[in-house]
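*Asks:* TrEMBL feature annotations, pasted as is:
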- C:48-70: transmembrane segment (TRANSMEM)
- C:77-95: transmembrane segment (TRANSMEM)
- C:101-119: transmembrane segment (TRANSMEM)
- C:126-149: transmembrane segment (TRANSMEM)
- C:175-194: transmembrane segment (TRANSMEM)
- C:215-241: transmembrane segment (TRANSMEM)
- C:261-285: transmembrane segment (TRANSMEM)
- C:297-316: transmembrane segment (TRANSMEM)
C-alpha cells in the first residue's frame, strides 16, 4: 500500500512538472497580456511532433531534443507575429474565436503533415531502465529525469522572475499592466519574448513526454484544459501559483484516481464503489478547482480577480 | 440623531493611507461639502461610503445603523445614493430608460420575465417626472450617448435622484461644466437643499461656499478642519494646507 | 467583453420589429424546407435541417447570456449533454415521453448551472471563460465515465421520444416540424425575456455594472438567473439532437462543441437572438459544404475564423454588421 502510494505520488509529481512547464507560459500570457490563448495546448503537441521528426531524422533522442528548441522558437515567434500580436487590444471574445480557429488549423495541419497514426519516440539509452527506490519498489529512470528537468526549469524561472530585470517587469506586468508601459519599456518586444518563451516551455514539455506517450493530435487538448485549471487555481499571472497549482492538480489527479476507489470500497459495496470511483476520479480536479475558487475567487496566489 | 455618522474610517492601498482615521457627522438636511487638493482621497472616501470600495476598519452609520456589511446595492435601498465624477450612464440606453431603470430598482421586483418593460406606464411616468425636473424631458427618447457633456451631468444627477435617496453623495457634479450650465446646476442643488441630505465633493469653490452648510477639509486622507464655510475659510491650517496653495498656484 | 464608450452611439437593443421580421422570414424558409426536400427527393436534407434547428435553439439560449449578459460561457456543450443523455438514460428505463425527458434535462441543467454559475460568476473576464470551460470538461468526463451508456463510444437509442404516447417523432418530417415549433416558441420566450424588466436589468449590467449597483441592483442574482435559464434552454436543444441522431455520445459535450456554439452566436451578431439562429444555419452549412469538398475542412474553417477576427476592425461582430448579415436591419 505504501509502495503504491509512493509510486502514484511520484507519477503525480512527474505529471505536475509537465503541467507546470505548460502553465508557466500560459499564466504569464494571461496575466501580462490579458490574452485568452486556447492554442497553448497546440504548442505542447507541436513540441512532441518536432522531437519525433528530428529524432527520426537523426536517429538520436538527444539531437532531436536539441533541434526541437530552435524550431520551437520559430513556431512561437511566427504565431506571435502573425496572430497573437494583433489580439492584444481585442475583446476576450475575439481572442477566444481567433485562438479557437488556431486550434482547428493546427490539429488539421498536423494530420496533413504527419498523418493520423500516432508516432513514437524511442527512449534514450542513457535514461532507460529502472532504479530501485525502496524495498522492492522500482521507478523508471526516464520519469525521474522528467521530474529533474522540470524542477531545474522551475528553479531557473524562479531566478529569472525574482532576480532579474525582465523578471521584475514580468511581476509588475502581471499585477499592473499600465505600470510597465509607463516605465518606457518596449511592450511589443516584451510580449513577444514572453509569448515565445512560454511557447518553448510548452514545446519542451511535449518533447519530454514524447518517449512515454504516443504522439497524436489529441494530446494537446486534454492537457490544455488541465492547464487552465492549474492557472486558475494558482492565480492568473503567478508563476509560483502555476508551480504549486500544477503539482496539486497532478497529485490529486493521479493519487486520487487510484486511492479514491480504494477508499470508496471501504465505505460502499465493491460494485457501487467501482462505478462511483470511475465517475468521480476524472472529475476530481474540477471539484478541487470549484472548492478553491469558492474560497478564493482569484486563486491561491492571484492578486487580481 | 445624526443622519450619517462616520467613525474612524480607514483605507490603505499598500503603505499608502488614502483614508486615515476619518470621523464625520452629517446632520439631517445638511449639505456637507468636502474639499481638498487633488489626491486628498475624496473620491476614495465617497467610494467607501457608497460601498464600491471595502473599508479596512471603522464604521459608517446611517440613522444609527451600520452599513459596513452592506453591499452597494443594499445601501441604495437603505436610501444612500451617489453620483459619479466621471459620468457613468448606460450609453446605449435612451435617456428615459436610464432613469426608468433607477425607478424600477425601487418599484416592484425585477424578476419579471414576460411583460414588456417599455410599456410600463408607472415606470415611464415617474421617470418622465424626474427628467422634467432635470430639464431633460425633451431628450427622453435620445440615446444617452448622444447627450452633450452638460446634459450628461444632469442625467447623472437625475439617475441618482430617481432612486429617491435620503442621502445623496455627489462626486464633483460640476466637473467640466461651465458658465450658465454651472449656474443652473448650482441653482438646482439649492432647490434640493433641505429636502435631501447631501455630501458634496467639489472643486469649484464658488459653488461650495454658496451651497454648503458646513465644509470639511480633507488633506492626504485626514480631515484637518470642519465648520461653516466662513470658519473654514478663515482657518489658518486650511489656508496653509489648501487654499494658500491654490492662491500661490493662481 | 462588451466595451462601450460614451462615443458609442449604437443602440443597446436595436429596433425589435426589424429583427422579428427577419426571424419570421427565417422561420418561413425553415417551414418550406421539407416540401422542397420531398420534391427533389433528398430526405437527408430534412435530417440536416433538424440538426440545424436544434443547434439554433442552443445558440439562441447562449445568446441570452453571451449577447445580453456579456457572459462568455465556454462550457455550454455540457447542457447539450444533459439534454441528449436525459433521452438516453430515461429511455433505457422505459420512459420515452419527451415532456418528461425535457423536464429531467432542465432540472439537471438548472442544478448544474446554479452551482457552476455561482462559482464562475464570482469572477469575470478571462477567469470566467476558463472556469466555464473547465466545468464543461468536467461534464464531458462525467459522460465518458457512464460505461452503462457506452462511455467514450456513445449509445444508440432504440427509439425516438414519444409525444403523449404517440410515436409520431419516428417520422423525420414530424421531428423536423416539432423542432421548428420549439425553436419558434423559445425564440418568442427569449424575445419576451429580453424586453422584460429582467432583460433590461441584464442588459444594463452588461453595459455598466457599477452604475447598476449604484442604483440598487446586485448583478450576481440577475446574471446567475440568466445563466440558469440559458442552461435549461440549451438542454432542450440536446433532447432534439439525441432524437435527430438516434445516438448520444460525449462528442456532444466536447469543448469544441462549446466553441462552435460561441462561433454561431458571434457570426450571426451577438445580442440579437435572430442572429444566433442565422449563425447556426451559417456555421452548420459552412461545415457541410467544406466537409463535402475536403476531409480537412476544419483547417479552412479555422482559417476563416482567424482571418475574420484579424481583418475586421471591430472583430467578427463588426464585419457582419457592416455586411448586414446579422439577420437584422438597423
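Each residue, glycine too, has its Cβ placed from N, Cα and C.
Curation plays no part in TrEMBL annotations; they are all automatic predictions.
Provide an account of the burial state, proximal residues and distances for the features listed.
*Replies:* Remote same-chain partners of the transmembrane segment (C:48-70), defined as residues 6 or more beyond its termini with a Cβ less than 8 Å from a stretch Cβ, comprise 1-2, 30, 33-34, 37, 76, 79-80, 172, 175-176, 179-180, 182-183, 186-187, 190, 193-194, 199, 202-203, 205-206, 223, 226-227, 229-234, 236-238, 240-241, 244-245, 261-262, 264-266, 268, 270-273, 275-277, 279-281, 283-285, 288.
If you look at the transmembrane segment (C:101-119), the same-chain residues 6 or more away from its ends with a CB under 8 A from one of its CBs are 75, 78-79, 82-83, 86-87, 90-91, 95, 131-132, 135, 139, 161, 223-224, 227-228, 230-232, 234-236, 238-239.
Long-range contacts of the transmembrane segment (C:297-316) within its own chain (CB-CB distance under 8 A, at least 6 residues past either end) are made by residues 263, 266-267, 286-287, 290-291.
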*Asks:* Residue list, the transmembrane segment (C:77-95) vs rest of chain: Cβ under 8 Å, 6 or more residues beyond ends.
*Replies:* 58, 61, 101-102, 104-105, 108-109, 112-113, 135-136, 138-140, 142-143, 146, 148-149, 155, 157-159, 161, 231-232, 234-243, 248, 250, 252-255, 257-258, 261
*Asks:* Residues sitting near the transmembrane segment (C:126-149): Cβ under 8 Å, six or more positions beyond its termini, same chain?
*Replies:* 71-78, 81-82, 85, 88-89, 92, 112, 116, 119-120, 155, 248-250, 253-255, 258
